[in-house]
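Colleague: Sharing a structure below in structure tokens format, with a few things to ask.
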Amino acid sequence: MVLSSADKNNVKACWGKIGSHAGEYGAEALERTFCSFPTTKTYFPHFDLSHGSAQVQAHGQKVADALTKAVAHINDLPNALSDLSDLHAYKLRVDPVNFKFLSHCLLVTLACHHPEEFTPAVHASLDKFFSAVSTVLTSKYR
């Protein structure tokens, strides 16, 4: 999915407003994913998946950091996320559908925390961006 200039601007503006809350929102989105899609828990058998656990918070920060990197390199996602793509494809072997689940939960989390900025245009741009990130992360599965 190709991101237009308007999409890129919407993503950068929205992510800029998230600022220091990115890790917190990443953890909240993970918790939502685990609650809404329980099969995703199978990838984290060694984690304490309870609300507010330090392990979920730390992984939420990793998700946020990866997305922050993706936003910073929005014109070159494949190179920016190459190492992460390798990790998920060859070592972790995460089912690609789980990226869609997490993307949905990220959208819900952002909409809850920033309803005034979460316009239909921003929603569509973020959805396209998360889809593009998911596509890159699953590109090496073939």
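Note that Cβ sites are derived from N, Cα and C of the backbone, with glycine treated the same way.
Heads up, here are the entries from Swiss-Prot:
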type	residues	note
BINDING	His59	O2 binding site
BINDING	His88	heme b binding site
DOMAIN	2-142	domain 'Globin'
MOD_RES	Ser4	phosphoserine
MOD_RES	Lys8	N6-succinyllysine
MOD_RES	Lys12	N6-succinyllysine
MOD_RES	Lys17	N6-acetyllysine
MOD_RES	Lys17	N6-succinyllysine
MOD_RES	Tyr25	phosphotyrosine
MOD_RES	Ser36	phosphoserine
MOD_RES	Ser50	phosphoserine
MOD_RES	Ser103	phosphoserine
MOD_RES	Ser125	phosphoserine
MOD_RES	Thr135	phosphothreonine
MOD_RES	Ser139	phosphoserine
Colleague: Can you tell me which of the modified residues Lys12, Ser50, Ser103, Thr135 is spatially closest to Ser125 (phosphoserine)? Compare CA atoms only.
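Modeller: Result for Ser125 (phosphoserine): the nearest of the modified residues is Lys12.
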Colleague: What is the total of other Cβ atoms whose distance to the Cβ of Lys12 (N6-succinyllysine) is within 10 Å?
Modeller: 15
Colleague: Go through Lys8, Lys17, His88, our recorded positions, and report the one whose Cβ sees the most other Cβ atoms within 10 Å.
Modeller: His88
Colleague: The domain 'Globin' (2-142): mean pLDDT?
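Modeller: Overall, the domain 'Globin' (2-142) comes to a mean pLDDT of 94.
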Colleague: Got a sec? Which of these modified residues, Ser4, Ser50, Ser103, Ser125, has the most Cβ atoms within 10 Å?
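Modeller: The largest 10 Å Cβ neighbour count belongs to Ser125.
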Colleague: For each of the modified residues (Ser36, Ser139), count the other CB atoms lying within 10 A of its CB, then report the residue with the highest count.
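Modeller: Compared across Ser36, Ser139, the most Cβ atoms within 10 Å surround Ser139.
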Colleague: Tell me the Cβ neighbour count for His59 (O2 binding site), meaning other Cβ atoms within 10 Å of its Cβ, over all protein chains shown.
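Modeller: By my count, 17.
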